[in-house]
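**Student:** Structure provided below as structure tokens; questions to follow.
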Amino acid sequence: MLTGNQAVYNGFHSLICLIYVSPMIVFDITFLKDNSHHVGFLLMLCYDVSIQILALITVNRFCAVFLPMMYSKLFNTLPILLQRSINRLQPHGSQNLLGLFSEYMPKLMTICTFNVVVDTITIWKVRRIQSARGRTTFQKKKIDFLKQSFGQALYLFICIPAYHIVPLFKSSEIALFMIGIFFGATIHMFDGVLTLIFNMEIRESLIKKYKASGNNSVIQIGVVSPKILL
């Protein structure tokens, strides 16, 4: 449930960037720039919810490993926690976007640091369980899922300071713009790459669909109409 919700908000974020932000930047459309503060708030809302869901996923996996007996009881209230997280951000919609962004950065860094530390501890614990009980397919899926979460949090942890450190050494507006575009795009691209690397089920599903489409193409090419033979 959590991973699916995070994918939905990431999808909305990417869709808004594609249909609104990109045309605004490329074609320098005045109308879009005049209303960009509304879209900026929606982008921050989607991104904030996505980051908080990632933190909940981290806590989810930590509890599943360290508190297996209490796991079900603890995470019956997750939808309520998620709704409260969304409601906390909504009243800020009328504030200045730059001010909100500056207040948001420490929170984002705290969440990313938390994810990296807790995922590291969880991976260490799962490794110990693997050593004690032996390696199984289920445990491999679990450790791959943890590696995926750890990699996503670590890349965010690297990207966020880069937005503040790089401008200290670069004064060119073009260079800063290109660096910002690079980090902004690769944050979501890296999520997809890690998912393909560590999620075996998605890889198998894509391979099956690719093979099925290839077989259908071969069958269609191999079938010859009787009219053509005549």
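Note that the numbers count up from 1, one per residue, in the order the chain is shown.
Using the three backbone atoms N, Cα and C, a Cβ is placed for every residue, glycine included.
So TrEMBL says this about it:
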- 1-77: domain '7TM GPCR serpentine receptor class x (Srx)' (DOMAIN)
- 104-199: domain '7TM GPCR serpentine receptor class x (Srx)' (DOMAIN)
- 12-32: transmembrane segment (TRANSMEM)
- 145-163: transmembrane segment (TRANSMEM)
- 175-198: transmembrane segment (TRANSMEM)
**Student:** For the domain '7TM GPCR serpentine receptor class x (Srx)' (1-77), give the DSSP counts of helix residues, strand residues and coil residues.
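**Tutor:** Grouping H, G, I as helix and E, B as strand yields 69 helix, 0 strand, 8 coil.
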**Student:** To what whole number does the mean pLDDT across the domain '7TM GPCR serpentine receptor class x (Srx)' (1-77) round?
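**Tutor:** Taking every residue of the domain '7TM GPCR serpentine receptor class x (Srx)' (1-77) together, the mean pLDDT is 79.
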